[in-house]
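K.L.:
Sharing a structure, written as structure tokens. Questions coming.
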Amino acid sequence: MDKLNNLLSIETCLILFVLHFFSLSKASFSDSITTIPFNRGFCPLFGEANVKHSTDDSSVHLHLNEFTGSGFQSSDLYNHGFFSAKIKLPSSYTAGIVVAFYTTNGDMFRKTHDELDFEFLGNIRGQPWRFQTNMYGNGSTNRGREERYTLWFDPSKEFHRYSILWTANHIIFYIDDVPIREIVRNYEMGGDFPSKPMALYATIWDASDWATSGGKYKANYKYAPFVAEFTDLALHGCPMDPLQEVINPSCMDSETQLETASYGTITSKQRMAMKKYRLKYMYYSYCHDTLRYSTPLPECDIDPLEKMRFKDTGRLKFGMRHHRHRHAKMRNSATRVLENRNYGNQDNV
């Protein structure tokens, strides 16, 4: 009995530790972000009949049915910025569905475009949403920089904030207040680092040919419409004409504001949270994909201990994935206690 009590005490401590780690998101910069109504900063991109505003214009729903998906975009392009929204993803069977939240200038620079992505990949019933982040600069589509992850929550149950910070020197992807990825610009990256003004986009669409297990599972419109909800939209940056050759002096002030804002730097506590997130939830990294890149891309800082967790394909070794599932079970137990574009070869997790 004493041994059982000791085991229960250890499990309780682990549960509390996990919950403490993810409590970072409850009282930090997300609550202080200035948001704007949809009609003040955005316009429909496609499928206009499937872009549905709330009566106060504070939120928008993107629908996907058997006829079309939908999307919206910011009215302006920005010379760097902080782009953010609270998002709730479709529930139930979502295989073949992609919800994207991203910045790009592809409509204007078709062969030399820049891009920063959150792409959420649907799944069969009972399996979790997965997502990937990516970066392209100056049309470097042959050098994809994908990382793929799962989440510590069900993104279809409630809203969570997803944010992209992009400055002249670094990029940070956030979920709530947890930074999940940082890219620091260096000389060797050259034009691969995004450098031209970009607009913000959000879309939902049918990607049955690749999104779930490499196209094995298709979108099933018996469950339509699929609805992605966006609210508390934020655009912080300097609007700019992409053909303007001289940067507006006011944009220099905007750059300083971005870098000195609460989301502009990663605190030591946040850096620890980012490391723990990536250890537990990242299941693919291009930096460890030696079959794809025999020499790691210049921004990759390879940790030898981390590298041991991944195969040559950049995917987690089986044993490591099993280890992560044990942590997932522990997190589920904690909840009960307290509440009681190389896109092929996508793994189910």
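Cβ from N, Cα, C; glycine included.
A TrEMBL annotation is a machine prediction, not a hand-curated record.
Just so it is clear, the model here is predicted, and its values are computed rather than measured.
Feature list, courtesy of TrEMBL:
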type	residues	note
ACT_SITE	Glu115	active site, nucleophile
ACT_SITE	Glu119	active site, proton donor
DOMAIN	19-230	domain 'GH16'
REGION	322-349	region 'Disordered'
SIGNAL	1-27	signal peptide
K.L.:
Tally every other Cβ atom lying within 10 Å of the Cβ atom of the residue listed as 'active site, nucleophile'.
P.N.:
20
K.L.:
Counting only residues 6+ away in sequence within the same chain, which have a CB under 8 Å from the CB of Glu119 (active site, proton donor)?
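P.N.:
Set apart from Glu119 (active site, proton donor) by at least 6 residues yet with Cβ under 8 Å, we have Val98, Val99, Ala100, Tyr102, Phe131, Gln132, Thr133, Asn134.
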K.L.:
So what's the mean pLDDT when you look at the domain 'GH16' (19-230)?
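P.N.:
Per the prediction, mean pLDDT sits at 94 for the domain 'GH16' (19-230).
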